[in-house]
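Beneath this line is the structure, given in structure tokens, with notes to follow.
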Amino acid sequence: MSHEKNEASGNPEAQSWKAQEAMLGVKTEVSRWRAVKNCLYRHLVKVLGEDWIFLLLLGALMALVSWAMDFIGSRGLRFYKYLFAMVEGNLGLQYLVWVCYPLILILFSSLFCQIVSPQAVGSGIPELKTIIRGAVLHEYLTLRTFVAKTVGLTVALSAGFPLGKEGPFVHIASICATLLNQLLCFISGRREEPYYLRADILTVGCALGISCCFGTPLAGVLFSIEVTCSHFGVRSYWRGFLGGAFSAFIFRVLSVWVKDTVTLTALFKTNFRGDIPFDLQELPAFAIIGIASGFFGALFVYLNRQIIVFMRKKNFVTKILKKQRLIYPAVVTFVLATLRFPPGVGQFFGAGLMPRETINSLFDNYTWTKTIDPRGLGNSAQWFIPHLNIFIVMALYFVMHFWMAALAVTMPVPCGAFVPVFNLGAVLGRFVGELMALLFPDGLVSNGNLYHILPGEYAVIGAAAMTGAVTHAVSTAVICFELTGQISHVLPMMVAVILANMVAQGLQPSLYDSIIQIKKLPYLPELSWSSANKYNIQVGDIMVRDVTSIASTSTYGDLLHVLRQTKLKFFPFVDTPETNTLLGSIERTEVEGLLQRRISAYRRQPATAAEAEEEGRNGERGASFTGDVPGEAETSFAYIDQEEAEGQQQREGLEAVKVQTEDPRPPSPVPAEEPTQTSGIYQKKHKGTGQVASRFEEMLTLEEIYQWEQREKNVVVNFETCRIDQSPFQLVEGTSLQKTHTLFSLLGLDRAYVTSMGKLVGVVALAEIQAAIEGSYQKGFRLPPPLASFRDAKNARNSGRTATSNSSGK
């Protein structure tokens, strides 16, 4: 046995075999661990690709952000009141603290947004409506906008001004949903959804934004559907409810954790009676609240729009404000803070109360008209002014905060209008409730039972009605149910909200639609049922008939002419100008790429192109080159729609490969028509071989370059090297406006080609549909277009002739 061992140990082949066996065992062990690792990774990727993981992560993240904003904002307001109380007794220092504190915060918020991301200013819901509809708005869903919106909104809310959190936070949640989706796609290796297919993700983000803003999961889903979507996919229902419920739960748990609340309760605690919440005799008062809220809501939207339109007009004041962006928020902040100074004019309309304190005081169960000693009412005591009636105080609060809120939300800071309007509605409802308590001091008697009137109930109903009138949403009633924890007032609240919507929708668009109209965002207005003329309008009446198209027989000179004559982003692609049969649609950047690749400086020297490329490879790769002829930058092709050309370079690598040709050398701009005015030779888009190529360019005269380019421009284009959309959306001339509106809304279209038996006869875009709808709304009556009248008359004559021939045939 020992002999065999010694023989084996002395045998190099045996030793080599044992070494290989050991290495094989190590490799086997490594391969096992690698297989386990790959299995775990695949499982992780599969889990991260699930919808519920995405929803839970998004809900937890948004709840944390919302809680952090509320926590910092509440501490900021406490510090504000602490500073004001420290200098009590010195009126001058009190005024200085009261004005300077919000002034510093508002200016910081405005400046921060201007530097980081100007798209963070305002509400964000109008822009989201257009994005969900299919429009592309750049930089609205980026990380920079998220940072600017979050920081700016937190600082602005700490100022104690009538500014809301709901609209901006919906925008923040949508940004988080987009960024989180991109991150999970990167981790799991999935292809990210196209820009126009992210409506479901953005809708869920909107629902989560409302849910963790107020802790209202049900209302969050419903409100997001009403406000942001014209058509909602039922498949997103469970996503919205799951994410909303989880985010609202985490948001409330965090509040309990920091001991802001004792347990999971409603955001605004109320103690209304639950056995008999209201009497039928109170329904007329609730209806009055709804009708009045409708009028005041429409007036608020009108006033807000007039302020914005005035600031956009060109005059001496607006010129100064546009040059110095911080002057406008500084002036508005100074004026509002001065008027709200508690020892001054502000003492007459409860300006010392912060927004949340105001809502809590308006929702209390006490009847102020019956209160003799207000010192035991807490914050509600600030509504009692010596020698001043409580109704006058509430009326002053409503009037002053009405125009203050309409003015404050126009400042260039992240802000919304939901909470200020909510306060206004609560004051209006409280006013009616106190008036009812004054008219019926002993309560209402019905069937031998006595029902006492609680003005706090009227305040809740007024808050829901006013916000519904401004936003044109009925789900504000559900928001109030979840905010107050009171569901016993379903009937009166729904009556008030529906009446408010009926009145407001007949007078003004919603606040978000008003901003869309002012900013001229690509969005379709709603098609009213009351417009009978819409059924007579067809696509042939509103389409653009003079269409610039590109034919399959076009030359490079024709392409250059089309680009110089129009600024369209897409062109219809037809077979020949004579037949005009629609074959597809081609993007502007694709046409630019065809010209850049064809009329190139390297194509002028085909014999020396390879040598130039080889010499350029060995030369300095980092050297830049500019071979532009002086004075010709204006007519250079490189400057035709330069922003779109730069945007095309930022596309995905796959798309860039599709349009690449066999000669991937630096392109040159297209020259001008005259030999004495040539265009630039090179662009600063490629490096390395430019300096070598310039040597060969110096050997050509301007006349030779001009003749060569003229020959190239007469060559028929080969469209096989570019991407063509072979299935653009098409309509026929007889398509009704109603059906066209539905198709554009459902599919997120921005244009459609109109054909007749395959022949291109026109194009209709959002602008034409919007003009047709708005024309049918203005002044309540719209004359049908001339073509429609001619068509209807012709159809009537044809039908008459058909009837005559049928009768004679019989």
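Placed from the backbone N, Cα and C atoms, the Cβ positions cover glycine too.
Keep in mind that this is a model prediction, so the values were computed, not measured.
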>> By the record in Swiss-Prot, which of Asn365, Asn806 is the one labelled N-linked glycosylation site?
In response: Asn365
> In Swiss-Prot, the chloride site includes Ser123, Tyr512. Which of Phe214, Phe418, Phe422, Phe431 does it also list there?
Replying inline: Phe418
>> If you look at how Swiss-Prot annotates this chain, which of 7-11, 122-126, 707-711 comes out as motif 'Selectivity filter part_1'?
In response: 122-126
> Of 473-484, 761-772, which span is tagged intramembrane segment by Swiss-Prot?
Replying inline: 473-484
>> Using a threshold of three or more Cβ pairs below 8 Å, and leaving out pairs closer than 6 in sequence, do the transmembrane segment (237-254) and the transmembrane segment (166-184) count as in contact?
In response: no
> Rounded to the nearest angstrom, how far is the Cα of Asn365 (N-linked glycosylation site) from the Cα of Glu166 (site 'Gate')?
Replying inline: 27
>> Please identify which of Glu166, Asn365 has the densest Cβ environment, defined as other Cβ atoms within 10 Å, among these recorded positions.
In response: Glu166
>> Below 8 angstroms Cβ to Cβ, which residues of this chain, lying six or more residues outside the transmembrane segment (320-339), approach it?
In response: 98-99, 102-103, 106-107, 110-111, 114, 159, 161, 311, 345-346, 351, 400, 404, 407-408, 410-413
> Which residues, given as numbers and ranges, are at least 6 beyond the ends of the transmembrane segment (416-439) yet have a Cβ under 8 Å from it?
Replying inline: 123, 125, 162-169, 282, 285, 288-289, 292-293, 296-297, 300, 304, 355, 358-359, 362-363, 367-370, 390-391, 394-395, 397-398, 401-402, 405, 408-409, 453-467, 470-471, 511
> DSSP says what for the motif 'Selectivity filter part_2' (164-168): how many helix, strand, coil residues?
Replying inline: 3 helix, 1 strand, 1 coil
> In the same chain, which residue numbers or ranges, 6 or more beyond the ends of the intramembrane segment (456-470), come under 8 angstroms Cβ to Cβ?
Replying inline: 270, 272, 277-278, 285-286, 289-290, 293-294, 296-298, 300-301, 359, 362-366, 417-418, 421-430, 432-433, 436, 476-477, 479-480, 484, 486, 489, 492-493, 496-497, 499-501, 503-504, 510-511
> With the transmembrane segment (389-408) as the reference, which stretch in 237-254, 283-311, 490-506 has the largest tally of C-beta pairs below 8 Å?
Replying inline: 283-311
